[in-house]
Amino acid sequence: KCCMRPICTCPCCIGP
């Protein structure tokens, strides 16, 4: 999953 990567730009990672 994108959120599990060292560099994440997904909404779930950069969200509140």
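Cβ coordinates come from backbone N, Cα and C, glycine included.
Feature list (source: Swiss-Prot):
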| type | residues | note |
| --- | --- | --- |
| DISULFID | CYS2-CYS13 | disulfide bond |
| DISULFID | CYS3-CYS10 | disulfide bond |
| DISULFID | CYS8-CYS12 | disulfide bond |
| MOD_RES | PRO11 | 4-hydroxyproline |
| MOD_RES | PRO16 | proline amide |
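Feature annotations (Swiss-Prot) mapped to structure.
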residue	record	contacts (Cβ under 8 Å, 6+ apart)
CYS2	disulfide bond	CYS8, THR9, CYS10, CYS12, CYS13
CYS3	disulfide bond	CYS10, CYS12, CYS13
PRO11	4-hydroxyproline	none
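Considering only the disulfide-bonded residues CYS10, CYS12, CYS13, the Cβ with the fewest other Cβ atoms within 10 Å is that of CYS12.
Other Cβ atoms within 10 Å of the Cβ of CYS8 (disulfide bond), summed over all protein chains shown, number 13.
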